[in-house]
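J.: Positions annotated as domain 'EF-hand 1' by Swiss-Prot, on the basis of sequence analysis: 25-60. The Ca(2+) 1 binding site annotation in Swiss-Prot covers ASP38, ASP40, ASN42, THR44, GLU49. Residues or ranges marked as domain 'EF-hand 2' in Swiss-Prot (evidence: sequence analysis): 62-92. Positions annotated as Ca(2+) 2 binding site by Swiss-Prot, on the basis of sequence analysis: ASP70, ASN72, ASP74, SER76, GLU81. Feature annotation from Swiss-Prot assigns domain 'EF-hand 3' to 94-129. Taken from Swiss-Prot, the feature domain 'EF-hand 4' applies to 135-170, supported by sequence analysis. Residues annotated as Ca(2+) 4 binding site in Swiss-Prot, with sequence analysis given as evidence: ASP148, ASP150, ASP152, LYS154, GLU159.
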Amino acid sequence: MGTNTSSLRPEEVEEMQKGTNFTQKEIKKLYKRFKKLDKDGNGTISKDEFLMIPELAVNPLVKRVISIFDENGDGSVNFKEFIAALSVFNAQGDKQRKLEFAFKVYDIDGDGYISNGELFTVLKMMVGNNLSDVQLQQIVDKTILEADEDGDGKISFEEFAKTLSHQDLENKMTIRL
């Protein structure tokens, strides 16, 4: 892929258009942004380079977001991974993909369920020391009790989706280009 060259080839842009909701113009704009973020010019964005983005640096879930962007698990994000992940947040992105992304934030081990421990870990990232561990555990227990319909002590994707069914994910998980 042409991430090390100065521009994307037309066939690369066309291929990315098929898998995302981005226009050719948006893909080219995102590529320029990607190249600016790729400080060392190696064609990937490292975790350190991601942390230089002011909006992400202050996000308590930044490490979880980066790990989800990094589909192949090599510790950095190439342009194909970057555009695929951002397409979830496109205004034309569907609610299902937004739900799947949100679920992955909580499903740390990727087993398809959000356990008590995973929910505690992610919520701890968000609240820091603003709540005691006891208070946080009470919130986790209550959340699982309310969302866990089959009584297995964890939250499946279906249970997660149902719990968030009344949330406005289309707007809350959308970035404007």
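Even glycines carry a Cβ here, placed using N, Cα and C.
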J.: Ranking the binding-site residues ASP38, ASP152 by other Cβ atoms within 10 Å, which is at the bottom?
T.: ASP152
J.: Specify the secondary structure state of GLU81 (Ca(2+) 2 binding site) as given by DSSP, simplified to three classes.
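T.: Going by the DSSP assignment, GLU81 (Ca(2+) 2 binding site) falls within a helical segment, counted as helix.
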J.: With every protein chain in view, what's the tally of Cβ atoms within 10 Å of the Cβ of ASP40 (Ca(2+) 1 binding site), excluding that atom itself?
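T.: 10, counting other Cβ atoms within 10 Å of ASP40 (Ca(2+) 1 binding site).
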J.: Write out, in the order they occur in the sequence, the residues of the chain not among ASP70, ASN72, ASP74, SER76, GLU81 that have a C-beta within 8 Å of the mean position of the C-beta atoms of the recorded Ca(2+) 2 site.
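T.: Everything else in range on the chain: THR44, PHE69, GLU71, GLY73, GLY75, VAL77, ASN78.
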J.: Please report the Cα separation of GLU159 (Ca(2+) 4 binding site) and ASP40 (Ca(2+) 1 binding site) in Å, rounded to an integer.
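T.: One finds 42 Å between the Cα atoms of these residues.
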J.: Based on Cβ atoms within 10 Å, give me the single least packed residue among the binding-site residues ASP70, ASP74, GLU81, ASP148, GLU159.
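T.: If we count Cβ atoms within 10 Å for the binding-site residues ASP70, ASP74, GLU81, ASP148, GLU159, the smallest count is at ASP74.
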J.: Just name the most isolated of the binding-site residues GLU49, ASP150, going by other Cβ atoms within 10 Å of its Cβ.
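T.: Lowest Cβ count within 10 Å among the binding-site residues (GLU49, ASP150) is ASP150.
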J.: State the residues, same chain only, that lie 6 or more residues beyond the ends of the domain 'EF-hand 1' (25-60) and have a CB under 8 A from a CB inside it; answer 'none' if no residue qualifies.
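T.: Same-chain contacts beyond the flanks: 3-4, 7-8, 13, 16-17, 66, 75-79, 82-83, 86, 125-126, 128, 177.
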J.: Same chain, outside the domain 'EF-hand 3' (94-129) by at least 6, Cβ under 8 Å from its Cβ: which residues?
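T.: Residues 60-61, 63-65, 68, 85, 87-88, 136-137, 139-141, 143-144, 153-157, 160-161, 164, 169-170, 173.
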J.: Between ASP40 (Ca(2+) 1 binding site) and SER76 (Ca(2+) 2 binding site), how many Å separate their Cα atoms?
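T.: Cα-Cα distance, ASP40 (Ca(2+) 1 binding site) to SER76 (Ca(2+) 2 binding site): 12 Å.
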J.: Using a Cβ cut-off under 8 Å and a sequence separation of 6 or more, which residues in the same chain sit near SER76 (Ca(2+) 2 binding site)?
T.: THR44, ILE45, SER46, LYS47, ASP70
J.: What is the one among the binding-site residues ASN42, LYS154 whose Cβ has the most other Cβ atoms less than or equal to 10 Å away?
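T.: Result of the Cβ crowding comparison: LYS154.
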J.: How many other Cβ atoms are found within 10 Å of the Cβ atom of THR44 (Ca(2+) 1 binding site), counting all protein chains shown?
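T.: The answer is 21.
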